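Some notes on the structure that comes next.
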Amino acid sequence: MPEEVHHGEEEVETFAFQAEIAQLMSLIINTFYSNKEIFLRELISNASDALDKIRYESLTDPSKLDSGKELKIDIIPNPQERTLTLVDTGIGMTKADLINNLGTIAKSGTKAFMEALQAGADISMIGQFGVGFYSAYLVAEKVVVITKHNDDEQYAWESSAGGSFTVRADHGEPIGRGTKVILHLKEDQTEYLEERRVKEVVKKHSQFIGYPITLYLEKEREKEISDDEAEEEKGEKEEEDKDDEEKPKIEDVGSDEEDDSGKDKKKKTKKIKEKYIDQEELNKTKPIWTRNPDDITQEEYGEFYKSLTNDWEDHLAVKHFSVEGQLEFRALLFIPRRAPFDLFENKKKKNNIKLYVRRVFIMDSCDELIPEYLNFIRGVVDSEDLPLNISREMLQQSKILKVIRKNIVKKCLELFSELAEDKENYKKFYEAFSKNLKLGIHEDSTNRRRLSELLRYHTSQSGDEMTSLSEYVSRMKETQKSIYYITGESKEQVANSAFVERVRKRGFEVVYMTEPIDEYCVQQLKEFDGKSLVSVTKEGLELPEDEEEKKKMEESKAKFENLCKLMKEILDKKVEKVTISNRLVSSPCCIVTSTYGWTANMERIMKAQALRDNSTMGYMMAKKHLEINPDHPIVETLRQKAEADKNDKAVKDLVVLLFETALLSSGFSLEDPQTHSNRIYRMIKLGLGIDEDEVAAEEPSAAVPDEIPPLEGDEDASRMEEVD
C-alpha cells in the first residue's frame, strides 16, 4: 500500500518501484556509460509519441485540442537551478498512467534490456525496449514529472531513484495539457545546460522529429541608449516589476521640454546590459522526406543532404520516392560527389542509410537495408509498417525489410540510369563509383543486366571518351558475333598488346578493361544483349573469316606442325600446347590461357593477394598455351633451322628465349628472371662482338662456378629446359 503523507492540503503518496525497474535504475546509475547524451533523444522521442497520440485522437474528436492547439516540444536549461526541463503539449498522463507507466508495472522490455545490457549491448538501445524514460538517470540525480491529461487533474511524479517515487496533485503553474520533465542534473553533467551541447545532441539524434523543438535560453545583450532613454527604460522596468512588489513609478517631469531644448546638443549615451529570453527552433529541417517532391527545391535537398552527412559539398543526384499499397514507406536517397576514402573497409561500420519508423529514428547502420555494393548511397528510409521497438535481430528476419531493400535497389538503379543521361555528371559518378557497379555485377545476379548497361569502358575506337556496351553493340560489324575485350593494367598497355593486333587490323572493336575488379566482373558477365563476351587473351578466339583465310590457316597449320611439336618437347610442362595463332600480326608469339583459367592480369592480381589460397593458385595458373605467328620472319627462320637439324642447340635456346619473352609481353611474370636476364646479356655481348672467353680470362675472380655456359653449349640447353 502506498504511504500517505499530508502536507497541508496536498496529499503525497509514496510508491515502491517494481523490482525489475529498481534493478534497471540501479544499473543505469551505477554503471559508467560514455554516451549519456542519448537521454535527450529518449525524452524527445517520448514527447513526440505523446504528441502523435493527441494528434491521432484529435482526428476523430477535434475538441481534444481545446486544451492547447499548438503541438510542440520546448527545452529550457536553467543554469542557476541546475535543471534541464522538457515540456511537450502531448496527450499527458492521468494519475493511474503516471503510477503504472513510471514505476509500478514493468514493461516487457525491462528484463530483456537488462539482459542485453549485461551481454554488452549499448545503452543507446534503451528506447527499443520501451524503457527510455529511465535514461534520464544517466545525467539526473532527481527527476520531477508534471503532467496533465484532458481526463484528469494535474499531477507531479518525483523520484531520486532510491527505490521509491512519490505522486501528488500539483497546484503549481497549470500546463494546460501535456508533460513537463524536470531533470535536476548531477554536478558533473552541467554540459547539458550549455547551448552548444544541447543543439549538438538534438541535431545528432532528433532533428527530424515531426514537431518543433524550441530551445529557450536566457541571454544578455548590450544596448546603447541615451541617458534619457535610460531613465525611460528604468521606468518601464519598474512598471514590469510592479507585479512582484509595489514600487513607486519614476516620472521624468519636464523631460519633453529638455528634449526639445537640447535637440541640437549631442546626446550622451551609455551601454547597458539587458537580459532577454532567446527562443530558437532546433529542428527547422522538418522531415523533408514526408513532403511532396514537387514542392522541394534543389537547395532544400542540398541543405538536408549536408545536415544528414556533414559533407561540405553538394550531392550529385537525389531520388525521393514513396511506396504505398500493402507496404508503406518513404525514402530519400543521395549519391555523393566523391567516394569516401574508406569505402570498401569492411571493418568500419557504415552509417549511410538512417532507418526511421513513423518519423522516429531507429538506427543509422542498418546493413539489411542495402546491399554492400551500394554502400555509398546516403539517405533515409521511413517505414510505416515496422514496429517501433524493432531490434537488429528482428530486422534480419523481417520480411518487410526485404521488400524495402528490393525497392531501394530498384530505385537506385533507376537513379543511375537517369544520371547516365547527363554525360558530365555521369562521368564524375563513374570515376567515383564504377567499382561498386562492377562489384554489383559480381554479387547481384538479379540486377546484373541492368547494372551492365551502366558500365563504361575505353575501347580501341572510343578515343579519350568511354563508351557503353550498348554503344559497342550498335557499332558491331554484321559478321561479328561476340564482344571482344582485353584485361590489363593500363589503357596504353592493352592497346599495344600483341593480343589485339589481328582483331584491330580486321576492324573489330576491342573493349579495354583496366581495373582489377573487371576480372571478377567478366567472370559473371558472360553476355550482353545476346552477344557473348570473349577475351582476346584466351584460347579459342574465333574471328569471322572467309574461305581464303580458312584455307591459308590450314596450310600454315600443316607447314608448322613439326615446329609446334618440337617447341612443345623443348618447353615440356611449361606449356599445355603450342599452336598456330590467328590473333598475331607483328609479334612472333604470345601466351594465351585456357578458357576457364586465369588471364595473365588475373594471375598478377591473385599473386598480390596477401591472404591468397595457394591450392587454387596451382590449378588456375597452370594452363598456358604458346601461340606462334606463321607470318613472322623469326618463326619462319626458326622452322627452317629446326627442319635442317632438330637437335640444333641454338634452336632449343631460342625457343626458351622466345617463350620467356612471350611470357613477359603477355603480362605474366618470370619465375627466374635472373637466368632470363643472363641470356639477354649474352645476346648483347654477341651483338657487340665481345668474346666471352677473353672476359673470363681477364677476370678470373669474377667467374662463378655455376655460371651459365655459352649459348651454344650442351649444358646450357639442358639447363634452360628446367627454367621457367
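Placed from the backbone N, Cα and C atoms, the Cβ positions cover glycine too.
Look at Swiss-Prot and you will find N46, D88, K107, F133, R392 tagged as ATP binding site, backed by similarity to another entry. Long-range neighbours of F133 (ATP binding site) (same chain, six or more residues apart, CB within less than 8 Å of its CB): E42, L43, N46, N101, L102.
Positions annotated as compositional bias 'Acidic residues' by Swiss-Prot: 225-244.
If you look up Swiss-Prot, you'll see S434 (among others) marked as O-linked glycosylation site, on the strength of similarity to another entry. Over all protein chains present, the Cβ of S434 (O-linked glycosylation site) has 20 other Cβ atoms lying within 10 Å. In this structure, S434 (O-linked glycosylation site) is part of a helix by DSSP.
S452 (O-linked glycosylation site) falls within a helix when secondary structure is assigned with DSSP. Among the features that Swiss-Prot reports, O-linked glycosylation site is placed at S452 (among others).
The Cβ of T297 (phosphothreonine) has no same-chain neighbour under 8 Å that is 6 or more residues away in sequence. The feature phosphothreonine is assigned by Swiss-Prot to T297 (among others).
The annotation phosphothreonine is assigned in Swiss-Prot to T479 (among others) on the grounds of similarity to another entry. Annotation note: T479 (phosphothreonine) sits in a coil segment as assigned by DSSP.
Annotation comment: Swiss-Prot describes K531 (among others) as N6-methylated lysine, evidence class similarity to another entry. Within the same chain, residues at least six positions away from K531 (N6-methylated lysine) with a Cβ under 8 Å of its Cβ are V473, M476, K481, S482, I483.
Feature annotation from Swiss-Prot assigns N6-methylated lysine to K574 (among others); the stated evidence is similarity to another entry. Note on K574 (N6-methylated lysine): other Cβ atoms within 10 Å of its Cβ, all shown chains, come to 20.
The feature S-nitrosocysteine is assigned by Swiss-Prot to C590. Annotation note: C590 (S-nitrosocysteine) sits in a strand segment as assigned by DSSP.
As annotated by Swiss-Prot, region 'Interaction with BIRC2' applies to 1-214, with the evidence given as similarity to another entry.
Annotation comment: Swiss-Prot describes 1-527 as region 'Interaction with TP53'.
Residues or ranges marked as region 'Interaction with NR3C1' in Swiss-Prot (evidence: similarity to another entry): 9-231 (among others).
What Swiss-Prot lists as region 'Interaction with AHSA1' is 215-552, and the listing cites similarity to another entry.
Among the features that Swiss-Prot reports, region 'Disordered' is placed at 222-270 (among others).
As annotated by Swiss-Prot, region 'Interaction with NR3C1' applies to 264-608 (among others).
Across the region 'Interaction with NR1D1' (620-723), mean pLDDT in this model comes to 74. As annotated by Swiss-Prot, region 'Interaction with NR1D1' applies to 620-723, with the evidence given as similarity to another entry.
Residue density at D88 (ATP binding site): 28 other Cβ atoms are found within 10 A of its Cβ, drawing on all protein chains shown.
Comparing Cβ neighbour counts within 10 Å across the recorded positions K107, S452, the minimum falls on K107. Counted over every protein chain shown, other Cβ atoms within 10 Å are most numerous around N46 among the recorded positions N46, T479.
Of the recorded residues, D88 (ATP binding site) and S434 (O-linked glycosylation site) place their C-alpha atoms 48 Å from one another.
Separating the Cα atoms of C590 (S-nitrosocysteine) and K574 (N6-methylated lysine) is a whole-number distance of 14 Å. Annotation note: K107 (ATP binding site) sits in a coil segment as assigned by DSSP. For the pair T479 (phosphothreonine) and S452 (O-linked glycosylation site), the Cα-Cα distance reads 24 Å.
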